[in-house]
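Student: Residues or ranges marked as domain 'G-protein coupled receptors family 1 profile' by TrEMBL: 46-292. As annotated by TrEMBL, transmembrane segment applies to 30-57, 64-87, 107-124, 144-166, 186-212, 233-256, 276-294.
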Amino acid sequence: MKHCFYNETVGFFYNNSRKELTTYWRTKDVLVVALGLTVSVIVLLTNLLVITAIIINRRFHYPIYYLLGNLAAADLFAGIAYMFLMFHTGPRTAELSLKTWFIRQSLLDTSLTASVVNLLAIAVERHQTVFTMQLHSKMSNQRVMILIFCIWVTALLLGLIPSYGWHCLCALDKCSSMAPLYSRSYLTFWAISNLVIFLIMVVVYTHIFIYVKRKMTRMSKHTSFHSDYKETMISLVKTVTIILSAFVICWTPGQVVLLLDGLGCKSCNVLAVEKYVLLLAEINSLINAIVYSYRDSEMRSTFRRILCFVCYRNSKYTPTVVKLNTADRRTLSQNGHFTVDSSKAQARAERYRAVFKFIAHLYTWSESCSC
């Protein structure tokens, strides 16, 4: 029969895992907390700004922006969770009860999982819209809400599982080094799950890149807009590079460290980089807001209106509505696909030009929504 240690202190499990638990504030602890709180405040403000912009601007009332709003909500939650961690770290860790410690960790796990799963949902949605040549997904609002609900259910399950059994309170030999109350098997599962999601995202965005490149190469043979083609391809490369670089830089180090700890690597000094890889993952919540808002002129405009609300209080805000010109409307059928009229060479050339513009506009739209 297993003996469980439910009545022990947090210090007992830290000693068991040989993780240092200080009783006084060191310079390193103060710097980590100061930097962490600064990042948390910025994350809260930027993502709150994104959520507000999506709510007040009717142009953003589409499935992709609902997912972006949900991503901002997840990142906002991550900022709150990280701030809670900063107020309960360092010497304060020894004062925590087991319940409070699990709450601290569950908040982080839930928020970060929601952010990652939401990024995957956005990648899949962009893949669908690009391959069907639609500016917006045809997904209904009801389905979007169901998808968002599933994202949070998944995040909650993964975040709360350790508190309800997948821990090491009854098996001290299975305790991890980074999270002394968590089972190493849980860390392995969580790390592998996130790495699989990253791999899927790389495949999805690579597929989008290859498809758009081939499509626009064919279009460029029938139109004189070679400068537009080159500009769009450069923009495409930049977008994919930003998306994948942000993921690799912010998330991969933390997942690798968790995986090494979960596998019980004795020679790996995971505790030396623990706080830094977690901070790096939190910074991604800030990057998400900056990247897709910076690359969306309408979002930037809405931000300015919000920040300068006092200046605009006497003017009624009217959101910008994107309209295709007459030539574009003639060349696009109801389902958004190009229709060829082979009877007139000039008309065909015009249609190719319109399709080229549409693809460029489509991926420019995709740029602001993929991160």
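A Cβ is built for glycine as well, from the same backbone N, Cα and C atoms used for every other residue.
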Student: Any chance you could find the range in 30-57, 64-87, 144-166, 186-212, 276-294 with the most Cβ pairs under 8 Å to the transmembrane segment (107-124)?
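Tutor: It is 64-87 that shares the most Cβ pairs under 8 Å with the transmembrane segment (107-124).
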Student: Where else in the chain does the transmembrane segment (186-212) make close Cβ contacts, counting only residues six or more beyond its ends and a cut-off under 8 Å?
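Tutor: Distant Cβ neighbours of the transmembrane segment (186-212) are 109, 113, 116-117, 119-120, 123-124, 126-127, 130-131, 158, 161-162, 166-167, 176, 178-179, 236-237, 240, 243-244, 247-248, 251-252, 255-256, 258-259, 261-263, 359, 363, 366, 370.
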Student: Using a Cβ-Cβ cut-off of under 8 Å, list the residues of the same chain that are 6+ residues beyond the ends of the transmembrane segment (64-87) and lie near it.
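Tutor: The answer is 33, 36-37, 39-41, 43-44, 47-48, 50-51, 54-55, 104, 107-108, 110-112, 114-115, 118-119, 121-122, 125-126, 129, 136-137, 141, 144-145, 147-148, 151, 155, 278, 282, 285-286, 288-289, 292, 369.
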Student: Same chain, outside the transmembrane segment (144-166) by at least 6, Cβ under 8 Å from its Cβ: which residues?
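Tutor: Residues 63, 66-67, 70, 74, 102-103, 105-111, 113-114, 117-118, 121, 181-183, 185-186, 190, 193 contact the transmembrane segment (144-166) from elsewhere in the chain.
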Student: Taking the domain 'G-protein coupled receptors family 1 profile' (46-292) alone, what is its mean pLDDT?
Tutor: 84
